[in-house]
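Below is one structure, written out as structure tokens; the observations come after it.
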Amino acid sequence: MINNTSAATAATSYLLNRCSKGVYNSSGHILVPSTSAYRYNSSNKFKYSYNITRQQFYSSTSSSTTKATITTQNENNDNKSIFSTIKEKIMTAFKQPQPQITTTNSPVSTELNSTNNNNIKTTNSSIVEPLLPKKPIQESFIKQPQQQNIITTIEPSSESDPLLDPVVKVFSVLTSPNHYTPWQMKPQRSVTGSGFIISGKRILTNAHVVADQTLVMVTKFGNPNKFPARLISAAHEYDLAMLTVDDDTFWEGLTPLELGDLPDLQEVITVVGFPTGGSNICVTQGVVSRIDLQMYAHSETQSLSIQIDAAINPGNSGGPALKDGKVVGIAFQNIMGASSIGFIIPTPVINRFIRDIEMHGKFTGVPKLGIFLQSLETMPKKFFNLPATGVTGVVVHEMHPFSAARGIVQTQDIITHINGCPVADDGSIAFRRRERISLEYLLLNHFVGDKIELTLLRKGEKLNVQIPLVNDHSVVPFQKYDSRPSYFVYSGLVFVPITYPFLLEHSEDFAITYRKIYERADKITCPDYQVVILSQVLHDKTNHGYANFAMSEVKKVNDTPIRCLSHLVELIESSKDDYIVITLENEHLIVLDRSEAEEASERVMIQHSIPHLKSLDLRNNNIITDGKVDNNNNKTTANVIEGVVINSTCSS
């Protein structure tokens, strides 16, 4: 408990520097909002904010994550004076009235738990002023818009509402793998989001709300009881997940929501969910601003998205966007620092996800042509024997080695039509009215194995060909969730395949550059190719002197080039030679006495509390997907380079 001026000043300084967003209440106290989970790019800058509400406010000031120990008391006049003085100085410095946020809900409440179990609740009016940032805001960003978004918090009542009753609050406990010590997991964290009921006793929400889940519970509007939920399938590329509740009492009195059509520009839609700021359901309205292919923060892949000017806040994720009583989208992200810009996943993407599960029992992935295309906008068409006008398209400049288009499509072919739809020189197609969209939209309603018809011009000759769509292959798998990383520990040497999450955790000390990885994308010799590296060296007398080789790529084992991690394991474990010779990049060598190395492996396993020297997929030749072991399909895919596919395990 803070009881002196210096402590209160320290608390204020901490809040001003720690909170990216906060508000003052009418009594002059600082209210700390629920934190959001943010996506960082490689330069550690905020890119998109996930709409997840954390249940506790945490402090990262120490090496271990602990609950914040800052509390305030209304009866403490000294503390109140300190906070009021700081507020007055800041407001005076800007000399300009600040916008206010007005809600129709009950008074705002914030609770902070201290380590000495002293709790305080601050309750004041629902009109609050935003905490000013450290830097002055440009005038254009603080002017009030002509039309305000309508935000309403609805108290539960005994009367049923067919639009609000199907909306649920999702409580998830997430446990992500540790990619530095892949045999361990990171500390669990609790998040909340929203969801809604559709036909077949199913619940739709965002994949990032339940990614790496160990426990999922849901509550109905107006019902405090939590029901355990079960994950049916997740499409992390589309940031969608499908849940169900096995308890039949949960479904009593609920009418599922229906999916509608893609809304038009400027149409008003209503977003429903359980965002931060209260425990009751929240309704907000806005208009459709734009429909285009956008980057999905959860998977960092592009897909169809609707931009709206409604307030989509942390906790809204997974909630329905409604028009005329039907779902036209699912709230899922906003842009950090931007005002009144939110994004929803439209029904074409949602319907594709549902059909995939109904047809195949699970989400099968995003299909690709495996063709790299280039715009014709700046190139002279005469070079390709094309007339100056009347013919448009894009040029094929590269193909993935394992694309189904190889042998059918050639480089410098001009693709003029896809499934009969004309392609413009910039790679766009006609969408609706005068709207245009990227040609990738034409693949949205197709699945892996479907055939796409291409109209080509090759040296002036017109050709019609059909190309089967393939699963997305990448040299480096992208964001992977609901699965454990692969690893192999031998004589204290830790070997792992490179994945995108691994790169993010080791971006500063990783020796192999992104460019080098990209350059080998067209040089892989098998679909199961992986970039395997020596991630770290757990010191032992048998590996003394090899620590400097950490983060080096592994090229060979006993002069045999390796294809993937499981191939490396096979070469080491099946060797009968007295020595194991591992060749790294730049021809560096690691030479181990085989008998001593095997003894060292057991010693290192005990010293570092490693449960197994090999990951589960290498022990059982299967992979964990959707929280379960999948014995039939040991391949998972994710996109990092357009048109390239890689598996988490490979055939030896």
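One is the number of the first residue shown, and numbering goes on along the chain from there.
Each Cβ is built from the backbone N, Cα and C atoms, and glycine gets one as well.
For 98-108, the entry in TrEMBL reads compositional bias 'Polar residues'. According to TrEMBL, the compositional bias 'Low complexity' annotation covers 109-122. Feature annotation from TrEMBL assigns domain 'PDZ' to 367-469. What TrEMBL lists as domain 'Protease Do-like PDZ' is 476-617. Marked as region 'Disordered' by TrEMBL: 98-122.
Sorting the domain 'PDZ' (367-469) by DSSP state (H, G, I as helix; E, B as strand; all else coil) yields 9 helix, 44 strand, 50 coil. Secondary structure of the domain 'Protease Do-like PDZ' (476-617) per DSSP, as helix, strand and coil residue counts: 46 helix, 34 strand, 62 coil. Summarising model confidence by region, the domain 'PDZ' (367-469) averages a pLDDT of 91.
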